[in-house]
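Worksheet: the structure to be examined is printed underneath.
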Amino acid sequence: MPKRTDIQTVLIIGAGPIIIGQACEFDYSGVQACKALREEGYKVVLINSNPATIMTDPATADVTYIEPITWQTVEKIIAKERPLTAGGFAILPTMGGQTALNCALDLWHNGVLEKYNVELIGATPEAIDKAEDRLKFKDAMTKIGLGSARSGIAHSMEEAWGVQKTVGFPVVIRPSFTLGGTGGGIAYNPEEFETICKRGLEASPTNELLIEESLLGWKEYEMEVVRDKADNCIIICSIENLDPMGVHTGDSITVAPAQTLTDKEYQILRNASLAVLREIGVDTGGSNVQFSINPADGRMVVIEMNPRVSRSSALASKATGFPIAKVAAKLAVGYTLDELRNEITGGATPASFEPSIDYVVTKIPRFAFEKFPTADSRLTTQMKSVGEVMAMGRTFQESFQKALRGLEVGVDGMNEKTQDRETLERELGEPGPERIWYVGDAFAAGWTLAEVHQFTKIDPWFLVQIEEIVKIELQLEQTSLDAIDADTLRGLKKKGFSDRRLAKLLKTTDAAVRARRIAQNIRPVYKRVDTCAAEFSTDTAYLYSTYEGNGDGECEAEPTNNKKIMVLGGGPNRIGQGIEFDYCCVHAALAMREDGYETIMVNCNPETVSTDYDTSDRLYFEPLTLEDVLEIVDKEKPTGVIVQYGGQTPLKLALGLEAAGVPIIGTSPDMIDAAEDRERFQKLLHELKLRQPPNATARAEPEALEKAAALGYPLVVRPSYVLGGRAMEIVHEQRDLERYMREAVKVSNDSPVLLDRFLNDAIECDVDAIRDHTGRVFIGGVMEHIEQAGVHSGDSACSLPPYYLKQATIDELKRQTAAMAQGLNVIGLMNVQFAIQEVDGQDVIYVLEVNPRASRTVPFVSKATGIQLAKVAARCMAGQSLDAQGIGAEVNPPYFSVKEAVFPFVKFPGVDTILGPEMKSTGEVMGVGRTFGEAFVKSQLGAGTNLPRPKKADGSPSGKVFLTVKNGDKPRAVEIARALVAMGFELVATRGTAAAIAAAGVPVVTVNKVTEGRPHIVDMIKNGDISLVINTVEERRNAIADSRAIRTSSLLARVTTFTTIFGAEAAVEGMKYLDSLGVISVQEMHAQLTA
């Protein structure tokens, strides 16, 4: 059937901030859906709170709202947009992950859809409910004759114990309507059961748990299915988890297509997954169904299904080239699969043609446990990874080893970890983030296949592949590069060995291995991803490398002689390098394409918009290592390569690429190094007469202690060349510094440790600027951080325009930024971080650091000011001036924009939520308002922070606010207390803070600290008496430890906590606006901008 003409407007709900379990794959699906629906002539309205997305660019949808994703906000948008639509108004909730589904269900339950005559398309409320409600789903599976795990539902601890008795231990706990297994886990004993169930009941919006028998050690498979309303169904691909059941699929190594299924088993799973879609009632669009099979007896059970596009469907789209989200959007408005053409084959095949692939795809997750040293790093049913890498090859071994080196965790393949038997038994039996390397170590230590299988339950087929790699490595260690002939070397490359890994094993250099390879003509060929195993010719250049044949393999790259710009992407997401950098890469590709260049993207992250086959002219899905990038450069011969946009990943390659003669455009690698290198940068600032905090560089512990004493404590200490404040700490005394030097860093001549005097009570600022080749500098935006210095810039909320700063100070910041841009000869983007300290009533400005590259604030500034900084800067790098692009005066928006960070603490129970110099946030949201308070409160709602209202609907007080602050914050805490009482809150405080508040004549009740006897404050928090906590502490380690119980119990009890006095002030200011928030679209915002 052709598309529906009774619908005129479609509202797409986005996924909000990047959190563990919900990353940029939903930006990818949302962008595809917007494109697909606008192609068909629908008006598209979009809501998403995350400014670092391509989908919130003003050009992606017709009307864009960067607003908190709550049903109340969406109702305001519907109330505003519905009257503007004469025809039908529909919501597509399947593109924004769990966030969008839950929001759509809330709109349905609260009668909003009915009230405004709005229809849900793509998934009905009934189908969402049936798939997401654990009990209804189980009943549905029983009805169609499919097994599911023995289980029961509980809404209280009492019911939970009842179910546990029927199921036994170990037992899996899964809360309903949550994402990435949040709140769930595996309990092996009554104590763990109690803890996890309590947490799960809190985490589930419906206070519902599914408690089921453990399927630990069973094999896990996923099927990606697309179905249309005429009941045409196709399987996009099958995915097999290398890690058995018990590890969340988002934390598992996964392989597509499934490797260990017989054809008969595959057909059984295929038929079962289609039956699941029909029974649940997913009429249009993509879904994934997860199965588990007991290898002992072949029993199959259905684990769950998602009635929406998901992390797996992004992977399946990238693995096969079939654009699931785009097709799903078109099916939602009435098309059938046979009416749509497959774009990758240039329309030679219909979309109803099941993809077939002639290669193997491996996905490996990327973790960030180094940021949370106290977190439990064992992998269970609750997802903990923050990113992923994907690689393709002709064999499993090739794609697996390519994925390992693409992870950027300091390995080039199966690097050794340990030979200790006890460690190996623990690491193999209780999976952690590095288990796969320990599997290799076990084989190297002489373990048999049966032993390794007994501990890991990984399918023997995969273990044989890994064992073979390790056996080859052991042989290589006994020989040398000269002793290896061309056939052997080619064979090694076919198995995915990197030059660097071979160099390590053969005790030579990677340059020597590369030279030998080139001399013997052992080079990769590039194959196209075409959905049809090369049965039809294809126009899309979506490529991966492989070694095949004997130097006569067929290369399908077919490079052109056009002017080309190559963009190097950011690799897997991690804390400190996330979607903001992908946003910049996409903008670079789009700008260069608009200007007539052929654009080439190199990246290995399957979640992103940059790895969508139609973002650039040619896409190489390859690891970002020197070896892989040089091979692509050699094949394509680009006119220019952009390394400034993908964060630290491509910057690390810059000097190596330049040495190999690769044309890097923009700021020179030497100048990037000048900004990163402490001593060179100091010299430059000295010449420019700019201040930086007193600092020193140390290459050994005695030197560090001596220099620290001369500088004076407190100090900020950190290793050089890091992103996201890795291993940064504030030390207050010599004892702290000694411990840091011993435990946190390995210091050497090549990697010194940096010591900076810590500036107490300073305000931090970020400035983003662009300089062109004529020397003109354009200041994109000045942002003032809300948390004071000492909190990592990526974790601090910030305001544009600044809220507290004087105009004279802002002008001086701009002058200094321009001076540094000239001094470093920057071409393109640059970011500067300043600290401002008030001394005798005067603002003193210190330069903290300069990054001559794209920074994580670029997307936020672009949305706030309406100027696409990443595009403008890319054009400057390609030689256009700012004037030629029509970039005039700087923009001063008439409204406030606030960016707030979003943290993964709920996934790591017991981790302290206090902020410091090491970055811990995974994502961000943006709030826009007429006043700073309104913008700030919207940013809090967008981040999922529940701010209490002073009175409940019946007029009774809504609970108490608890304050305990360090001495320096007491004067400001008094003003906060006064404002809270004026709003109708009751206050409780610890002794010292209460005395200060009472002395100012504000009513307050004193409460015990944890160390002062019971009932104390933690009891009150656990009993639900407290609705807001304001807790600031001295930065000393023991002071932080004393009050840690307050913060961790607040996190578990879901009580909002502010750990900085500035954050608390902003929140109290914002709470005044809670009942009068409006909504404004990006297009309306930008229309108000007058230069």
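For all residues, glycine too, the Cβ spot is worked out from N, Cα and C.
Among Glu701, Glu703, Glu733, Glu849, only Glu849 appears in TrEMBL as part of the ATP 2 site alongside Arg718, Arg757, Leu759, Glu764, Gly790, Val791, His792, Ser793, Gln833.
Among the listed binding-site residues, namely Arg134, Arg718, His792, the Cβ with the most fellow Cβ atoms inside 10 Å is that of Arg134. Cα spacing between Gln290 (ATP 1 binding site) and Leu759 (ATP 2 binding site): 52 Å, rounded to the nearest whole number. Comparing local CB density within 10 A for the binding-site residues Val247, Leu759, the maximum falls on Val247. Summarising the environment of Glu304 (Mn(2+) 1 binding site), the number of other Cβ atoms within 10 Å of its Cβ, over all protein chains shown, is 20.
The secondary structure of Arg134 (ATP 1 binding site), as reduced to three states from DSSP, is helical. Mean per-residue pLDDT, taken over the region 'Carboxyphosphate synthetic domain' (1-408), amounts to 93. Here Arg718 (ATP 2 binding site) is compared against the binding-site residues Glu220, Val247, Glu304, and the shortest C-alpha distance is to Val247.
Under DSSP, the residues of the domain 'MGS-like' (950-1091) split into helix, strand and coil as follows: 70 helix, 24 strand, 48 coil.
Look at the binding-site residues Glu213, Glu220, Glu849 and count other Cβ atoms within 10 Å of each Cβ; Glu849 has the fewest. For the binding-site residues Arg134, Asn306, Glu849, a Cα-Cα cutoff of 10 angstroms around Gln833 (ATP 2 binding site) retains Glu849. When other Cβ atoms within 10 Å of the Cβ of Gln833 (ATP 2 binding site) are tallied across all protein chains shown, the result is 20. The binding residues for ATP 2 are recorded as Arg718, Arg757, Leu759, Glu764, Gly790, Val791, His792, Ser793, Gln833, Glu849; their greatest pairwise CA distance is 18 Å.
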